Structures are given as C-alpha cells and as structure tokens.
Amino acid sequence: MASTPLPVLRQRSFGETARRDRWWLQPLLVFLGFGTFLVYANWAAFQGAHYTYGPYLSPFYSPELFGNSPHAWFGPQPAWWPSWLPFSPALIILWAPAGFRLTCYYYRGAYYKAFWADPPNCAVGEPRKHYIGESNWPLRIQNIHRYFLYFAILFLFMLAYDAASAFWFKDANGKGNFGIGVGSLVLTANVILLSGYTLGCHSLRHLVGGRRDCISTSPLCHKAYKGCSALNKRHMLWAWVSLVGVMFTDVYVRLCSMGVWTDVRIL
Ligand code: FES
C-alpha cells in the first residue's frame, strides 16, 4: 500500500500564527510583571539602607553577612569590598535566590517568550530561523538550576529563622519579649509562599522521587514525591505569589524603616 506523503512544514514568519485567541496577552503580562520585579529588586539591592526595622529584616538582605544592622553575622563592611562598588549587604547574597529563579523551568518558558520572543507564544512564528535550544551553549548553563536548589533550601531555613525572630521585640532595656506586629505576619507569609514555590521545584521532585526514570520504592521518598508533585501542579501560581510576596515584604520593611508606614502591634 502506498504511504501518504507527509506535508511539508513551512517556517512561519515572525508573529505569524493561526491562533485566534489573545496569545500576546500572557507574554505581555509576564514582561510587565517580571520586568517590574527586576527593576525594583535591582534598585532595592543597591540601596544598602532601610532594610531592617526592629526585629524585621528584608528578605532581599537575608542573611546579612556583613552590614551595619544588628542582624549582621560578621560585622560591618569588610575591608576587601571593592572601593568602586557602593556597599550593600544584598549584593553579597542575592546571586543565589536570583539564580534559582532565573533558571527555574517555569520562568525560563515564560521569559523566553516575554523577553526574547523565542517564540512569542506557542504556535506563533519567531524571529530566529534556527532553533538552538537548551542542549547547547549558552543556554546549557540553565542546568545549573539543580545546584541553585540547594542554596534555595538553605535560604528557606534562614528566612524561617528571620520570620521566627520577627515575633521577638526588644524593650527599652534591650530585653526580648514575644509580640506580634503586622510585619511579623508579613515575614511569616513570605516564607510560606517561598516554601510553596521552592518545595514544588521540578528538580526537587526529581531528587526526592527516586532513581533515574524510576520512582523510588521507599515509602518516605514516595510521600515526598507526592508532596512535591502536589505543589508542582501549581508551580506557576506559587512562582508569582512568592515573587509578589518577597517584593512586598521588602517594601513593608523599607517603608516602616523610613517612617512612611507604621507597624501596627497586634500583641
Ligand atoms: Fe521552578 Fe525549580 S523548576 S523552582
């Protein structure tokens, strides 16, 4: 029997598509949302001021390895800091959470479309003629995501410590007392949202799931795999709410520190 010849696929020109929906809306929203975050995060990281208020520490500056606040682990600005670069504690540590987010499987798909139009959306013509993909350089570097994951988990513990410390207010004599401020709840919500995002990571799911191409037979690993999978189903949602959460937490601490907002004490 003669086989039917396969149709010859023609490469679409840039933006050409048979789609009739508003395919441009999603990349536009990603461009605006992620772009706003990138601009704000860079601005906030270079400020080097107004990142603490009482027991609160902005997540952009945590852990504060060196700095002038009482949260600093190893004291003030180190002598080795280059004189041409304005000192900010955030610049020492932000590479880790930034690297984790920028190499996230979800964000990659989103910002390739929104920022590089590669392609602008599924089944829409792209500006390039040849597909390079992530199995070649330079995008092969995205495989580093699994290593950033270890740092992200470490950061979760440190942010959880910051959230717990946010319930501990010093009185006039320097004695710590338990209390609850709106900021305590903001820092707690931030670490919950970041946990929902990090623990649903594709790489973590693979890591706890077992061996290559085979789900672990260990009941503990299987439970962990199912937990990761449940969060992973909504990974995009967790990615966005945690992004907004971390930005809002910095805004909250910053505006309280500047005296623009008042931190209401609930207890
Ligand atoms: Fe998104 Fe790992 S895949 S955080």
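Backbone N, Cα and C atoms are what each Cβ position is placed from, and that goes for glycine too.
Per TrEMBL, transmembrane segment is recorded for 28-46 (among others).
Annotation source TrEMBL lists transmembrane segment at 84-107 (among others). Using a Cβ-Cβ cut-off under 8 Å and counting only residues 6 or more beyond its ends in the same chain, the transmembrane segment (84-107) has close neighbours at 34, 41, 44-48, 51, 60-67, 72, 77, 141-142, 144-145, 148-149, 151-152, 155, 198, 201-202, 235-236, 239, 243.
The transmembrane segment annotation in TrEMBL covers 147-168 (among others). When Cβ-Cβ distances below 8 Å are used as the criterion, the transmembrane segment (147-168) is approached by residues 55-57, 59, 62-63, 96-97, 99-100, 103, 176-181, 183-184, 187-188, 190-191, 194-195, 198, 201, 203-204, 207 of the same chain, each at least six residues removed from its ends.
What TrEMBL lists as transmembrane segment is 180-199 (among others). Away from its own ends, the transmembrane segment (180-199) comes close to residues 53-57, 59, 100, 149, 152-153, 155-156, 159-160, 162-163, 166-167, 169, 227-228, 231, 235, 238-239, 241-242, 245-246, 248-249, 252-253, 256, 263-267 of its chain (Cβ-Cβ under 8 Å, at least six residues beyond either end).
Sequence-distant contacts of the transmembrane segment (237-261), counting only residues of its own chain at least 6 positions beyond either end whose CB sits under 8 Å from a CB of the stretch, comprise 33-34, 37, 40-41, 44, 47, 50-53, 56-60, 101, 104, 106-107, 182-183, 186-187, 189-190, 193-194, 196-197, 200, 231. Residues annotated as transmembrane segment in TrEMBL: 237-261 (among others).
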